[in-house]
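As recorded in Swiss-Prot:
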- SER110, LEU111, LEU112, PRO113: (6S)-5,6,7,8-tetrahydrofolate binding site (BINDING)
- 33-52: region 'Disordered' (REGION)
Amino acid sequence: MRLVFAGTPAVALPSLRALLDSPRHQVVAVVTRPDRPAGRGRHQRSSPVRELADERGLEVLAPARASDPDFLARLGEIAPDCCPVVAYGALLPRPALDIPKHGWVNLHFSLLPAYRGAAPVQRAVLAGEDMTGASVFEIEPALDSGPVYGVLTERIRPTDTSGDLLDRLAVAGARLLEAVMDGIEDGTLQARPQPSDGVSLAPKLTVEDVRVDWSAPAAAVDRLVRAATPAPGAWTTFRDRRVKLGPVRPAPAGHPPLPSGRLAAPERGLVLVGTATTPVVLDEVRPEGKAPMPAADWIRGLRPGTDEAFA
């Protein structure tokens, strides 16, 4: 099939590469979000998908809005058979959805209808799920509600960050998306409606969502930190300054409890923080305006008092 691939961040690259290398399909163009300012210099930066498309000599469409008449006209001229999508990052209006013969087919990183929305992996880690997966479905105007062509499952490991899990799903999902493209071309694959029960939403994590509540149990603190890694990053405050947190882990067995948020002086190189249950070990921090550093080095420089705590 002649394909127009839509995607923006690095998580879309395994799928784009798989389709570019497929002997059965031809990616004739990509759709991605426009270049945007990034970094300290605020220089314009292309999306990872655009960078790969430029390397391969593909036509790039980067409309500010998918309803842009010039974009719709060009897409109509290309007349793709299908438009596979991975993390494009914008809603697609009905006029765009109607152009490809076989529609727009999206790789979504959850077992639909669970975790519809922008942050399915982060929300699954935050909720303490032990299993998730990916679904390939036909896009409809409603959010992530279209009929499903295929799914895969993936176990969530106890130490998985959202980044770890998303990396695995992106690779496995690329194989699934390619198989779905094959099945659509063969006419052997039928999309099935999503169940009406089990629907849940996965909105993007806000800055306030990832502020650590030290009065929560240690397991909840651990899930929050892992869910927010690598972005937006879990955080707390100390002496009225924001501190981003690296990974946490359970304190050694038998360690006495600490008041919620209380910092214990480094003990055998370990920085301990109190929660509602057992303390957690904090390995790395990123103080406001500074680079990441070992938590033990940071706390030695601050020398917190016995009554000081994260807030």
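Just so it is clear, glycine is given a Cβ too, placed from its N, Cα and C backbone atoms.
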PRO113 ((6S)-5,6,7,8-tetrahydrofolate binding site) has how many other Cβ neighbours within 10 Å of its own Cβ?
20
Give me the long-range Cβ neighbours of LEU111 ((6S)-5,6,7,8-tetrahydrofolate binding site): same chain, 6+ apart, Cβ under 8 Å, in sequence order.
MET131, THR132, GLY133, ALA134, SER135, VAL151, THR153
Would you list the other residues of this chain near (6S)-5,6,7,8-tetrahydrofolate - those whose C-beta lies within 8 angstroms of the C-beta centroid of SER110, LEU111, LEU112, PRO113 - in sequence order?
HIS108, ALA114, TYR115, ARG116, PRO120, GLY133, SER135, ASP144, VAL151, GLN194, GLY198
